[in-house]
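The region 'Disordered' feature in TrEMBL is assigned to 1-47. Under the heading compositional bias 'Polar residues', TrEMBL lists 19-34. Here TrEMBL flags 67-86, 106-124, 136-161, 218-240, 252-271 as transmembrane segment. What TrEMBL lists as domain 'VTT' is 126-239.
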Amino acid sequence: MSIAMPQPVHAHDKERISNDASSTMALVRESTSPKPEREISRTPSPTPSELDLLNGVRQPKSLKYKIRIVAILILIIVVIILVEVFHDKIVNALIPVTRWLHDTKAGWLIPILVLIALSFPPLFGHELVAMLCGLVWGLGEGFGIVAAGTILGEIATYYLFRHCLAARGKRLELTNMRYGTLAHIVREGGLPIAILVRYSSFPAHFTTAVFSTCGMSFWVFLVAAVVSLPKQLVLVYIGVALASSDGKSNKVQHIVIGVTAAVTVLAFLYIRRLMGRAKPAVVYARRKDRQRKQMEMGRTV
């Protein structure tokens, strides 16, 4: 049996071994290093939930959500019935408050300050204050007070979200589909859509938050807020009708409430239709945002 003697390593063999080692290390580095930008420049595909939205597939509502909706509807019906049944008792109970507000010097400032405070989400109660103003000061003065408090409160909310919560609003556009689609149609539609949104059933302070963070100018927002003041006039008139026991006033009150409800529902349905059409654009914006984040991660790693 012969034993092979070790062979000397020649210069060209050393070069080959070095090249093989370099190639192996390069492959390792390539497999572990982040992909270059040209390889992640493709827009990411929609997520399963986004595909469901685009294809109109609705996820089943949870039992908690259904219970909440039913509870809200029951509460509204109960309030309407109680107001109709105990109309006179409610008015008589409010007489001391109405007299105090009416006779107090500068008492009209109180509802204005309350309306301004209630303009900041998630607070609510504008409707009750507006009806109380109609009950105390009548249609003309009551509407003037409600209009002043509403406009001042909306302006304060607009600037709060514009300067303090703008970044959060931009994030919501990419994470909350309802917020994102509403912001998209308002941005694209301008003043006409802004007015229509104000007349819909969306809460006023919610729409103001959307207007301020989606890039709407202050003057467009202000015009939309002023044009939508007839909604407040209706509430003031309901308060005036509450103070009257005239059957004709009650009939007019019911007609006004019915017309207002119809306008509100129709505006809401149209806005929802526009929001449905805006879903592809919002989903695409979300995909581009994910692509941007991936590229930023690729640069920092």
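Cβ coordinates come from backbone N, Cα and C, glycine included.
Because TrEMBL annotations are produced automatically, they should be read as predictions rather than curated entries.
Not measured: the values here are computed from a predicted model.
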Stretch among 67-86, 106-124, 136-161, 252-271 sharing the most Cβ pairs under 8 Å with the transmembrane segment (218-240) = 136-161
Sort the residues of the domain 'VTT' (126-239) into helix, strand and coil with DSSP and give the three counts.
-> 101 helix, 0 strand, 13 coil
Under an 8 Å Cβ to Cβ limit, what residues of the same chain, 6 or more beyond the ends of the transmembrane segment (106-124), are close to it?
-> 100, 132-133, 137, 141, 145-146, 148-150, 152-154, 156-157, 160, 203-206, 208-209
Would you report the average pLDDT that the model assigns to the domain 'VTT' (126-239)?
-> 87
